[in-house]
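Chemist: I'd like to ask some things about the structure below.
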Amino acid sequence: MCMVIFAPLFAIFAFATCGGYSGGLRLSVDCVNKTESNLSIDIAFAYPFRLHQVTFEVPTCEGKERQKLALIGDSSSSAEFFVTVAVFAFLYSLAATVVYIFFQNKYRENNRGPLIDFIVTVVFSFLWLVGSSAWAKGLSDVKVATDPKEVLLLMSACKQPSNKCMAIHSPVMSSLNTSVVFGFLNFILWAGNIWFVFKETGWHSSGQRYLSDPMEKHSSSYNQGGYNQDSYGSSSGYSQQASLGPTSDEFGQQPTGPTSFTNQI
């Protein structure tokens, strides 16, 4: 039940916080010649974080000449893979919820539904682990590439001590951090559901039968051996008890000598 409720929600939070992100930073370059300064340089970037395609112009503080720069890095592969896994996990969890509720008989027919569900759950657990780990590394690269201090190092005007370069504000990465958290939460949720799905498959029931058959055989052989021992003991005890009493011959034997003193006379 937890899987039905939380899997679609966690998947939505994962791809929404990552795929819907857009942010930026603002820098300022104050040249010695104030007419050449630019105190508001806005650099915007968004999903899928192809930062090498994000270009911007900054003053060189050498006349009216301007320098065209671009951010460094490309984290699009890890970000797109993460969002793709989240979208497909959301769609599958919705479809599985509909099947669980409305097509329970079809789901358990020939044990095909539980087997498919088990395989898909294992696959998505692996994909969530790989996707979340890759996106965590990609997010780390995005943070470094969009750090205002790193961007200022790209500007030739900022290498001259007479010019003043500073960051006005940095990009907000809280939603991207949340996406990584939800990615690993999805992995924990799907991996924890593997055992519950496995219990519904025929593999689990066949394994239990395989373990119970030798135990039943062992217990039946033990009971049979105990019965034979009891039978043997009761029969031997009966023979011993029968041999304790006197025989009919012993009771029937008459004395051969005289029975009275008068007869002797």
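Including glycine, each Cβ sits where the backbone N, Cα and C put it.
Given the structure is predicted, the values throughout are model-derived calculations rather than measurements.
In case it helps, Swiss-Prot gives these features for our protein:
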type	residues	note
TOPO_DOM	26-81	topological domain 'Vesicular'
CARBOHYD	Asn33	N-linked glycosylation site
CARBOHYD	Asn38	N-linked glycosylation site
TOPO_DOM	136-177	topological domain 'Vesicular'
REGION	210-242	region '5 X approximate repeats'
REPEAT	210-214	repeat '1'
MOD_RES	Ser212	phosphoserine
REGION	221-265	region 'Disordered'
REPEAT	238-242	repeat '5'
COMPBIAS	244-265	compositional bias 'Polar residues'
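Help me understand the surroundings of these features in the structure.
Modeler: Asn33 (N-linked glycosylation site) is surrounded by 12 other CB atoms, counting those within 10 A of its CB over all protein chains shown. In the three-state DSSP assignment, the secondary structure recorded for Asn33 (N-linked glycosylation site) is coil.
Every protein chain shown contributes to the tally, and the Cβ of Asn38 (N-linked glycosylation site) ends up with 16 other Cβ atoms within 10 Å. In this structure, Asn38 (N-linked glycosylation site) is part of a beta strand by DSSP.
Across the topological domain 'Vesicular' (136-177), DSSP assigns 22 helix, 6 strand, 14 coil.
Confidence over the repeat '1' (210-214), given as mean pLDDT on the 0 to 100 scale, stands at 48.
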Chemist: In the same chain, who gets a Cβ under 8 Å from the topological domain 'Vesicular' (136-177) while lying at least 6 residues past its ends?
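Modeler: Same-chain residues near the topological domain 'Vesicular' (136-177) but 6 or more away: 17-18, 20-21, 23-32, 40, 43, 45, 49, 51, 58-62, 67, 69, 71-73, 75, 77-79, 82, 183.
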